4 protein chains.
Amino acid sequence: MMKCSVIKVPARSPNDMSALQRYIDESLINPKEVVAVLGKTEGNGCVNDFTRGFAVLALKNLFAPYKEGSAEPVSFVMSGGTEGILSPHFSVITRSESDSIRSKQELSSLAIGVARTPDFMPEELGRLAQVDQVAEAVLRAMEGAGINDAADVHFVQIKCPLLTAEQVQEAVLRDASTVTEDTYKSMGYSRGASALGAAVALGEIERDRLQDMDICHSWELFSHVASTSAGSELAYCEVIVFGNSAYAEGPYFIDHDVMKDAIDAGALKRILQKYPDAEMVQVLAKAEADPTGNIRGKRHTMLDDSDINHTRHARAVVGGVLASVCGDPMIYVSGGAEHQGPAGGGPVAVVFRRNEHK
Amino acid sequence: MMKCSVIKVPARSPNDMSALQRYIDESLINPKEVVAVLGKTEGNGCVNDFTRGFAVLALKNLFAPYKEGSAEPVSFVMSGGTEGILSPHFSVITRSESDSIRSKQELSSLAIGVARTPDFMPEELGRLAQVDQVAEAVLRAMEGAGINDAADVHFVQIKCPLLTAEQVQEAVLRDASTVTEDTYKSMGYSRGASALGAAVALGEIERDRLQDMDICHSWELFSHVASTSAGSELAYCEVIVFGNSAYAEGPYFIDHDVMKDAIDAGALKRILQKYPDAEMVQVLAKAEADPTGNIRGKRHTMLDDSDINHTRHARAVVGGVLASVCGDPMIYVSGGAEHQGPAGGGPVAVVFRRNEHK
Amino acid sequence: MMKCSVIKVPARSPNDMSALQRYIDESLINPKEVVAVLGKTEGNGCVNDFTRGFAVLALKNLFAPYKEGSAEPVSFVMSGGTEGILSPHFSVITRSESDSIRSKQELSSLAIGVARTPDFMPEELGRLAQVDQVAEAVLRAMEGAGINDAADVHFVQIKCPLLTAEQVQEAVLRDASTVTEDTYKSMGYSRGASALGAAVALGEIERDRLQDMDICHSWELFSHVASTSAGSELAYCEVIVFGNSAYAEGPYFIDHDVMKDAIDAGALKRILQKYPDAEMVQVLAKAEADPTGNIRGKRHTMLDDSDINHTRHARAVVGGVLASVCGDPMIYVSGGAEHQGPAGGGPVAVVFRRNEHK
Amino acid sequence: MMKCSVIKVPARSPNDMSALQRYIDESLINPKEVVAVLGKTEGNGCVNDFTRGFAVLALKNLFAPYKEGSAEPVSFVMSGGTEGILSPHFSVITRSESDSIRSKQELSSLAIGVARTPDFMPEELGRLAQVDQVAEAVLRAMEGAGINDAADVHFVQIKCPLLTAEQVQEAVLRDASTVTEDTYKSMGYSRGASALGAAVALGEIERDRLQDMDICHSWELFSHVASTSAGSELAYCEVIVFGNSAYAEGPYFIDHDVMKDAIDAGALKRILQKYPDAEMVQVLAKAEADPTGNIRGKRHTMLDDSDINHTRHARAVVGGVLASVCGDPMIYVSGGAEHQGPAGGGPVAVVFRRNEHK
């Protein structure tokens, strides 16, 4: 049986490992069991956000002595941008295996699988090549999590690359054409292609009907559980599948819903009301500025703002709305929800911990 | 008897008068009865936000032919910053007098009074001189609204000046010392002094105990109903008092509550639940980044952000939270709540329209 | 004979007309002779820069009484963005006609012509439709200026529209496809197409070889004298041709050179050294971030900056470099030099005033 | 005898050590001899600029194996902000000792000394306590560099701390009052106090006459050679003295001048013209927005800009101006020149390498 947990740790700066180190020293976290760290870091969440890489470097330094000789590296997925009330933190994800044989338990528990794609060429980003590699990686991650049914998958976190001006230039020199020459815009294409990859893997959309030009255009195609963030600190996609599995034990489990727009507080309320006796551990959600330029029929100004990128606005809003429901600003809200939930909305998932002695 | 109304009009840009002109042409708004326009314009809401002045110039051009020969000018109060889902618009406030004698009606109705202070010298801003002038203006505005009891005042909107680099320099040349040399920071001092002025007028705090150094320091001193915004387009304070008066008739009325922090959705919910049969016309609220650097015990990053000023973050959050409750992004949320509600929180008021035939 | 002049007037805010009014009151500027005003306003110079429209509204209010009944409206060309040391101001351009017959004078003088295109549909922007309309307007403006030879044209200022999110959406609803859905990026396409229009009119490039896809891609195609800025305050292109003509008299004349990159101080030095006895009146230049991501073989970070748009960086640099040469920060430096000078560089022109009694 | 060198190494991101590693592998840099690294990193150069700390962490990781057992740590001084054409890079500073006895050489050579202060309490920052500790450290660094005469000191680089919102809050809880509660503003106070410390040590100003309130107010007090940058990654001041010493040998030497304002290209020209046969290795300079709000009598908008902090504008300008003179964008221009050169101006130093075989 597999046993997975999600533990939230605050950070006072991208490289602040003091709380995490304390959790390890106090045996609240076993570093050998850590398979992934999902972080919210306080950068702009856009192209030149180096807080993500900074956190990863500090985390690597921290885990290096514990992971020596380990075959399985830790997946570090940093999402930049803690606009508004969002509070920088790390969600540490552990997984351990035990010899215990599956009892006829009623409830399945949180199961986590991790996989990664090969490195991408600049010209592959934001195109079907990325969709296909991600779909394949999602299936591998599901297998690793012991999840057979796509309905048991409640969150697929994907960290994906972006194009920098240097890479665009390099491709141009090779006569290769990238999907865009705009580095900020490349983040959207990469997130979009990754989300469609998850949707293909989970049977939410049909691969056969998909074309390059659907990516970041055909908004009616989307995944209900994909959450993708782009960053310059990697050249491949890192996939973490969160779901419930009968092959997993322990008090943690996960569920999800879909926000129909950035102020749809109802989605999170519905999830919380389903499990009145469980403790909410972490909220995972995506945010985006409605691409129509309107929300509930009123014009918003996020897409025309040349001072603050729209993903920053959207994170501030969705972070505030979700925190007003769950009461906790230390949640994972990531920006840019291309093909992740309906246009203008996005998936929201909650990791719970069963109150075992009730 | 007085009769007041609040009518919301969308704007596609700071100078877009097309919707307002249409309302006038269709007799939905009588321009001769307009006493004030409260606007949300899509600038940065900080020092160099010229969208406020742009809107005022366009509004003046529009109203000039209708107001010719009128003794009473229209008060234009523009609040910059429509971060997140906030939708640019104007709240047009009208007032008319009738000969009707007060019947023994049960309900008092929305009453509005307007007043302004003299121009301030740069060195008076953010100090007791400003507090006193504002307090005096608030009392005059209450009188104009026919409100005797401070408990009937539910929102006091004050537009106040700020210091520009030029003004600071000018004062220096006269050997006069301004409260700060930082133009952005001067906005906070001006908002704080204005709010304390309202609190003094309404008996919420005692003038005798107040000193210059309390302004923007003694956060326990605050008004529950003041809402102040600073802008470079005026040198005096413009005060608009919103309340209910027995000397006013008509379907409009107002009530208020106080948000204890930026994600306190409960405050608006409580107001809305009190009047299930009335139509919500407009929400008026203030937003600020908690000055402790924490919200619900978790660190936020708004005060350390050198790319986006904290008032912008705060408006995005509070706008999103309130819109998620009332379902309408076209609401008035203004940033910088110094001495307006408790530290990190702020007042929220709702203008309702009675459903008369129910 | 025509007589043209360029007079610089400072502005303390986008709508500050006090200095301009004083010049008029003191008869230094005859408002009836004003054909164009070129302004630098202190906005972000990007999509949501309303300082341009604010200045235009204030200028229209100012000129309205003087221009009543005039057939020829004033052309207002505002360029947003006074990053770094650039100082907000207006360049007021006048033109008067006299009955004087051309004497066998040795020197030709500053001649100015103005023309405008029809309004564009959103889907025409950044495409050959815009190129052709602009080319036609440039030829009309040359004719108006009495300039037959393209070699006598030293600066072609074009104000062009951009796409807002609303317009993109409107086009989508009509099944029309715009050149980009990114509003900030649309500014580049509109500037690029306008510049190529000027290049076609002046014989710098051949129209026959031009295709839609060359716009903002084939950087080897450019005009040596075009200067284009995009703004949301107009739907057509406004063209002002500056040159020298034998049919013009008076002390003003103009010359130009080309900066090969943003730090090429030599271009302005060469112009100034040609006319040691003349008084420099105004410098007009374009700035852009080198699209290769390098300058003099060293990487720059302007294109990867998601906090500050690259046009803002570029204006700060070029403004500083040119002011360090000419000693005056009140110069016209406009951002985004697509097809205006070589990639990474841009045209620079100087208006001089002959010292007549030497 | 001491032998010092300065070698510039490009960086493609704050943590990019590839070029530096190559220099080490090719024996162009001996890591054991490295005493300091001065870097320009591509952050905002303000409070929440984590690119500085990111670079330091990567540099520490790189140098750790080479410096094992070494008593003397490397001083890492990162200055954030590569606005405009500035190119991210590291200036690697080495020092080695040899037994060679001083010959009767004519020329003294580059000598470098390093020292650091103790950690500061939040309430000591920006006050005389900081001035005194820095002055003492500068004297120690001079001694280490073998420089007796202040006239031989040409650049004093000081990295100093800033106040974060957390530290301000912590001090408040202890009833200690910090010089400001504004984190961005604290950077100016810390830079100012550090510069005055250098000025005291070098005899440029008298300590006896100095009071707390002179810091960031009495602009006529300044050092001609101090260059200070503030960052959140340290709690003490790090001082590096650059000068020429008769006890140093080798081809490197340094000289300096003072820019009177941000567009004073003449200062750098004068230095370069003094040494026509030497190779320019590196330019070190400070930049600031003129605190009067004017430059050469014309208004600038840097101090009123709430979107871009004025230090960012200033670096873009001064970087561009200096690069236009020396032809190299890979230079060290740091923002915020409080008490470093005259108000609005700043020191500029050049490290040269003698062409030995001429």
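Glycine is treated like the rest: Cβ placed from N, Cα and C.
Using DSSP to sort the residues of the region 'RU A' (A:1-99) gives these counts of helix, strand and coil: 28 helix, 32 strand, 39 coil. Residues or ranges marked as region 'RU A' in TrEMBL: A:1-99.
Residues or ranges marked as substrate binding site by TrEMBL: A:ARG52, A:SER79, A:GLY80, A:ARG191, A:SER229, A:ALA230, A:ARG315, A:SER334, A:GLY335. The local packing around A:GLY80 (substrate binding site), expressed as other Cβ atoms within 10 Å of its Cβ over all shown chains, amounts to 31.
The annotation region 'RU B' is assigned in TrEMBL to A:109-246.
In sequence order, A:SER75, A:VAL77, A:MET78, A:THR228, A:SER229, A:ALA230, A:GLY231, A:LEU234, A:CYS237, A:GLU238 constitute the residues six or more apart from A:LYS159 (active site) in its chain with CB-CB distances below 8 Å. Residues or ranges marked as active site in TrEMBL: A:LYS159.
Summarising the environment of A:SER229 (substrate binding site), the number of other Cβ atoms within 10 Å of its Cβ, over all protein chains shown, is 28. Marked as active site, nucleophile by TrEMBL: A:SER229.
The helix, strand and coil residue counts that DSSP assigns across the region 'RU C' (A:252-358) are 29 helix, 34 strand, 44 coil. The region 'RU C' annotation in TrEMBL covers A:252-358.
Under the heading Mg(2+) binding site, TrEMBL lists A:GLU288, A:ALA337, A:GLN340, A:GLY341, A:PRO342, A:GLY345.
Note: A:THR311 (site 'Important for substrate specificity') has non-local neighbours A:GLY45, A:CYS46, A:GLY81, A:MET187, A:ALA287, A:GLU288, A:ALA289, A:GLY335, A:GLY336, i.e. same-chain residues 6+ apart with C-beta under 8 A of its own C-beta. Positions annotated as site 'Important for substrate specificity' by TrEMBL: A:THR311.
Cα to Cα, A:GLY345 (Mg(2+) binding site) and A:ARG52 (substrate binding site) are separated by 24 Å. The CA atom of A:ALA337 (Mg(2+) binding site) is located 10 Å away from the CA atom of A:ARG315 (substrate binding site). The substrate site, placed at the center of the C-beta atoms of A:ARG52, A:SER79, A:GLY80, A:ARG191, A:SER229, A:ALA230, A:ARG315, A:SER334, A:GLY335, has further neighbours from the same chain whose C-beta lies within 8 angstroms: A:GLY45, A:GLY81, A:MET187, A:GLY231, A:THR311, A:GLY336. Same-chain residues that are not part of A:GLU288, A:ALA337, A:GLN340, A:GLY341, A:PRO342, A:GLY345 yet have a Cβ within 8 Å of the Cβ center of the Mg(2+) site turn out to be A:PHE222, A:VAL258, A:MET259, A:LYS286, A:GLU338, A:HIS339, A:ALA343, A:GLY344, A:GLY346, A:PRO347. Within the set of binding-site residues (A:GLY335, A:GLY341, A:PRO342, A:GLY345), the lowest number of other Cβ atoms found within 10 Å of a Cβ is recorded at A:PRO342.
Summarising the environment of A:GLN340 (Mg(2+) binding site), the number of other Cβ atoms within 10 Å of its Cβ, over all protein chains shown, is 31. The Cβ of A:GLU288 (Mg(2+) binding site) has 29 neighbouring Cβ atoms from other residues within 10 Å, across all protein chains displayed. Taken residue by residue with DSSP, A:SER229 (substrate binding site) is part of a strand. Neighbours of A:ARG315 (substrate binding site) among the binding-site residues A:GLN340, A:GLY341, A:PRO342, defined as a Cα within 10 Å of its Cα, are absent: none qualifies.
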